[in-house]
Amino acid sequence: MDSSGREKLKGFAFMFLSSSLMGGIGAFARYIEAPGLFISFNRSFAGFLGMTAIFLATRRFHKFKNFRMSPTIILTGIFLGLLSGLYVMSTQMTTLSNAAFLIYTGPVYSTVLATIFLKEPFTKVTGLSLAAVLVGCLMIIGIINYTSGDGFTISLDLDPKYMVGNLVALASGVAYGLFLFFSRYRTDVDSDVRSYCNFTFAIITLGTILLIDRPDLSEMTTRGWVVLAVAAFITGFGAFFFLTVASKILLASELATISYQETIMATLLGIILFSEHITVIQALGGALIIAGGVSQIMFSTKNGKNGKSKASAGAGSDKELAGAPAS
């Protein structure tokens, strides 16, 4: 493996760590007696405090000296706040697996947009990988199903108990896709600066919504506040920071496949902690997602040098993703 391939592998490792941490927010949210938007605000605020502490300790504020604000930087932070808020809301309204898999339709939108507008390479392997994870998602939420009597079926007749939650999760996926797409612009921005800006505009976005629609916190317990604090720093600052580093290295299509690992984590937590049921067809869907992610990793590390040169020729760059989500 050459140096470019090793760099790609490092990016995938950071993305795996980030998505694993992010996969835990739904489980944390079940123990917090507060609306999803309030939980998300605290996640982003924790990220903001963490980045501020790092900047002060390492004297990095000088990096803002020649920094130039632009609409894409603002939009990236706004969509970070929206995707986080909508996702946490959905984990309180549907199963953890449904919420996680539906938000991860976002990277599919991002990959298509990056291919069209940023001229990023879209290979056959990438297409097959994305197809695998997309079919896996459809199996998880029940659109593609299998019974001994009817065989394989495709139907939108989903459980009404989770319909609203699923729609909220799908909306979070749209926000995630736009977040990843706008993150591909501005090659001149330092990753730390971009991450700081993302957290700043995320908390401004969520804070504005909370000022307009004040949350009811009357039922919050001591346990709830403690869990909120822990969740904010683990799934907020920690996960978002690792995603920032990974996004600086990987292309949108590569982020799209490996990020689906979060759905596996969320599904496992749902089964272990809340006894949420998963069928054989859903397990098969999870296997497809893992296969899609692994195939993309193998292809990217093998052809990392070529992929990197193609990426630098496009309108966007990995540096713009510095400060990226997921959920």
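Glycine is treated like the rest: Cβ placed from N, Cα and C.
Taken straight from TrEMBL:
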DOMAIN    10-141  domain 'EamA'
TRANSMEM  12-32  transmembrane segment
TRANSMEM  38-57  transmembrane segment
TRANSMEM  69-89  transmembrane segment
TRANSMEM  101-118  transmembrane segment
TRANSMEM  125-144  transmembrane segment
TRANSMEM  164-183  transmembrane segment
DOMAIN    164-292  domain 'EamA'
TRANSMEM  195-212  transmembrane segment
TRANSMEM  224-243  transmembrane segment
TRANSMEM  255-274  transmembrane segment
TRANSMEM  280-299  transmembrane segment
REGION    306-327  region 'Disordered'
For this session: May I have the DSSP-based helix, strand and coil counts for the residues of the domain 'EamA' (10-141)?
Result: 104 helix, 0 strand, 28 coil
Problem set entry | Helix, strand and coil counts within the domain 'EamA' (164-292) (DSSP) | 103 helix, 0 strand, 26 coil
Exercise. Under 8 Å, at least 3 Cβ pairs, sequence separation 6 or more: does that hold for the transmembrane segment (255-274) versus the transmembrane segment (69-89)?
Worked result: no
Seminar exercise, completed: The recorded stretch from 38-57, 69-89, 101-118, 164-183, 224-243 sharing the largest number of CB pairs under 8 A with the transmembrane segment (195-212) is 69-89
Exercise. Do the transmembrane segment (125-144) and the transmembrane segment (280-299) share at least 3 Cβ pairs closer than 8 Å, excluding pairs fewer than 6 residues apart in sequence?
Worked result: yes
For this session: With Cβ distances under 8 Å as the criterion, find the stretch in 12-32, 101-118, 164-183, 224-243, 280-299 that has the most pairs with the transmembrane segment (69-89).
Result: 164-183
